[in-house]
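I have placed the structure first, in the form of structure tokens, so that the comments after it can refer back to it.
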Amino acid sequence: MADDAGAAGGPGGPGGPGMGNRGGFRGGFGSGIRGRGRGRGRGRGRGRGARGGKAEDKEWMPVTKLGRLVKDMKIKSLEEIYLFSLPIKESEIIDFFLGASLKDEVLKIMPVQKQTRAGQRTRFKAFVAIGDYNGHVGLGVKCSKEVATAIRGAIILAKLSIVPVRRGYWGNKIGKPHTVPCKVTGRCGSVLVRLIPAPRGTGIVSAPVPKKLLMMAGIDDCYTSARGCTATLGNFAKATFDAISKTYSYLTPDLWKETVFTKSPYQEFTDHLVKTHTRVSVQRTQAPAVATT
């Protein structure tokens, strides 16, 4: 009996610390597949070290121009990519800059069904939030036949959707920025989420779903207001993420200063991209010879 109790409540078991971090409110972090699996193996491999598996050991071979520039250290930070609005198509770019500080959390896993001629086809939809608690946050949604596949896909999509978060002050500009710079509103479906600056020390006054995203974004103090069907967790999370991503959409007076326009990395490192593209294409065309008898 002692072994069974240790397996069920240990760090790697289905009843480990992962459940304690997700709360137990209706439709929330703790009402996912863990309750339906009942220890039959669906909840395994959810720890930090279990995700990724052998894929993390392989060397990253970038397939996009942006990926080649990042791997060759031509782009020094993620902010350079955001400055020129370059689309990020490889999650390894995010891992390259933020890999050590990124934390992810499964917000919800819900079954969805599709009616076919053969009957109902059930798949699982995973909502995953990811952030470094210091100005970067992302949200990923993935649907798959298996829970583990859905979570892995949602983590990759969350990394690709990471946006910078602009922080500001409620009153005097003393200390580090701690709240949203202005009132921002995000919407998804019928859900409308409004973020309002708050004094230092207030904390995040919101429901559990926006609170988790705001904490991952690095916002310490914030008032929130929500309207619509907030019981729909997916729309609630997407509306909050939409509001957070709009913090850089407003040109406030402190950003009115003239800036010097510089070349895009694609223009600045054109010669380097031509060389690396030639080298990569040669490696791909030189296939190993196959012995025939």
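First residue shown is number 1, and so on along the chain.
Backbone N, Cα and C atoms are what each Cβ position is placed from, and that goes for glycine too.
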Which one of LYS257, LYS275 shows up in Swiss-Prot with the note SUMO1 cross-link? LYS275
Quick check on the record annotations: which of LYS58, LYS173, LYS183 is tagged ubiquitin cross-link by Swiss-Prot? LYS58
For the domain 'S5 DRBM' (102-165), the mean pLDDT of the predicted model: 97
Which has the fewest other Cβ atoms within 10 Å: LYS58, LYS263, LYS275, the recorded positions listed? LYS58
